[in-house]
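J.: Heads up, here are the entries from Swiss-Prot:
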ACT_SITE  CYS120  active site
ACT_SITE  HIS284  active site
ACT_SITE  ASN304  active site
DISULFID  CYS105-CYS134  disulfide bond
DISULFID  CYS117-CYS162  disulfide bond
DISULFID  CYS153-CYS210  disulfide bond
DISULFID  CYS154-CYS158  disulfide bond
DISULFID  CYS190-CYS214  disulfide bond
DISULFID  CYS198-CYS202  disulfide bond
CARBOHYD  ASN138  N-linked glycosylation site
SIGNAL    1-16  signal peptide
Amino acid sequence: MLKVYFLALFLAGCSAFVLDEIRGINIGQSPQKVLVDHVNTVQTSWVAEHNEISEFEMKFKVMDVKFAEPLEKDSDVASELFVRGEIVPEPLPDTFDAREKWPDCNTIKLIRNQATCGSCWAFGAAEVISDRVCIQSNGTQQPVISVEDILSCCGTTCGYGCKGGYSIEALRFWASSGAVTGGDYGGHGCMPYSFAPCTKNCPESTTPSCKTTCQSSYKTEEYKKDKHYGASAYKVTTTKSVTEIQTEIYHYGPVEASYKVYEDFYHYKSGVYHYTSGKLVGGHAVKIIGWGVENGVDYWLIANSWGTSFGEKGFFKIRRGTNECQIEGNVVAGIAKLGTHSETYEDDGGAATSCSFIMCTLMVLTYYFV
């Protein structure tokens, strides 16, 4: 009888433990399939789908969670654009997609792949830079900015390479030191990404060393001449203001946002994500390209850097207006310094676009004064 009593206590304890695990305290070694089934059972805002990538491999796609927090020295720095008063308040649309407003800017549509390096902070920066150069130049300049250059050469000012980094510092690096061109692994440009996409038995990637030469097949420019510079880098909002973030995107293009990642996010397939269950895994940085409403839920439209097999062909939606996973608390952007001499850039498809002296000058004047 005593054995039966202790067995009952043991089973009750196990049941309580499993329930606590599923509720989000910590799913520990429980199968990820259990988590996916739980997510799909308790809510209908988004759909989770079990994937075959192990937790061990997936953890390398995020960074140290501290990099998702704003730098303390920037906590009271308002957006330079709002301080200058360049944005005139106006009604914003209920839905917006930067791909539709600037259809000639191919990089806005591009989904890149960071592989097993926590370089999301550098990806987000490179993507925003690429998009904004195109937007400011009215589509005549379309560089695919190198993640590798930012990742390997920004150093400890930005963070710890594949372990994570600060998005704002990546943009400041672009403004002070410039960034060359370069697509994903095996791509075009001066300095493409070192790491190939991987989906099974993937080793952890280590931060590549900083190089100051272009790949041998790139004959267009030397490293220093291939540099693209920013005119400014700034925080978009210090108050988690949804309207300020929307206004920035609507007028100037995509922005970079850092946020906290939980286990359930790895299994996102579609819908409007919000944290449901699972432990905190780390931080992540992504590119916000728009917003909208789905089934009555406000969302941000976001480009991830985990390849096109993730989510909605590489994109995802996350709840807007509630600072979900702190995504509205650390949003940054920058303004490009367009060249005023004849420049030719290689995009990731190898197509070149050019800008004449007169055309570039007119574009700069139009962008800032019209």
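Using the three backbone atoms N, Cα and C, a Cβ is placed for every residue, glycine included.
Predicted, not measured: the structure shown is a model, and the values here were computed from it.
Mind mapping these onto the model and telling me what they sit next to?
T.: Sequence-distant neighbours of CYS120 (active site) (same chain, 6+ apart, CB under 8 A from its CB) are LYS61, VAL62, MET63, GLN114, HIS284, ALA285, VAL286, SER305. CYS120 (active site) falls within a helix when secondary structure is assigned with DSSP.
Classification of HIS284 (active site) by DSSP places it within a strand.
Other Cβ atoms within 10 Å of the Cβ of ASN304 (active site), summed over all protein chains shown, number 26.
Proximity of CYS105 (disulfide bond) to non-local residues of its own chain (separation of 6 or more, Cβ distance below 8 Å) is seen for ALA98, ASP131, CYS134, ILE135, GLY139, GLN142, given in sequence order.
Its own atom aside, the Cβ of CYS162 (disulfide bond) has 23 Cβ atoms within 10 angstroms in the protein chains shown.
The secondary structure of CYS210 (disulfide bond), as reduced to three states from DSSP, is coil rather than helix or strand.
The Cβ of CYS158 (disulfide bond) has 24 other Cβ atoms within 10 Å, all protein chains considered.
Within 10 Å of the C-beta of CYS198 (disulfide bond) there are 17 other C-beta atoms, taking all protein chains into account.
ASN138 (N-linked glycosylation site) falls outside any helix or strand according to DSSP and counts as coil. Neighbour density for ASN138 (N-linked glycosylation site): within 10 A of its CB lie 16 other CB atoms from the protein chains shown.
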J.: Counting other Cβ atoms within 10 Å of each residue's Cβ, which of the disulfide-bonded residues CYS117, CYS153, CYS190, CYS210, CYS214 comes out lowest?
T.: CYS210
J.: How many other Cβ atoms sit within 10 Å of the Cβ of CYS134 (disulfide bond)?
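T.: Summing over all protein chains shown, CYS134 (disulfide bond) has 25 other Cβ atoms within 10 Å.
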J.: By CA-CA distance, flag whichever of ASN138, CYS190, CYS198, ASN304 among the recorded positions is nearest to CYS154 (disulfide bond).
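T.: It is CYS190, whose Cα lies nearest.
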J.: Across all chains shown, how many C-beta atoms besides its own are within 10 angstroms of the C-beta of CYS154 (disulfide bond)?
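T.: Taking every protein chain into account, the count is 25.
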J.: When the Cα of CYS198 (disulfide bond) is compared with the Cα of each of the recorded positions CYS117, CYS153, CYS162, ASN304, which one is closest?
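T.: Comparing Cα positions, the closest of these recorded positions turns out to be CYS117.
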J.: Within 10 Å of its Cβ, which one of these recorded positions (CYS202, HIS284) has the largest number of other Cβ atoms?
T.: HIS284
J.: Express the distance between the Cα positions of ASN304 (active site) and CYS117 (disulfide bond) as a whole number of Å.
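T.: For ASN304 (active site) versus CYS117 (disulfide bond), the Cα atoms are 14 Å apart.
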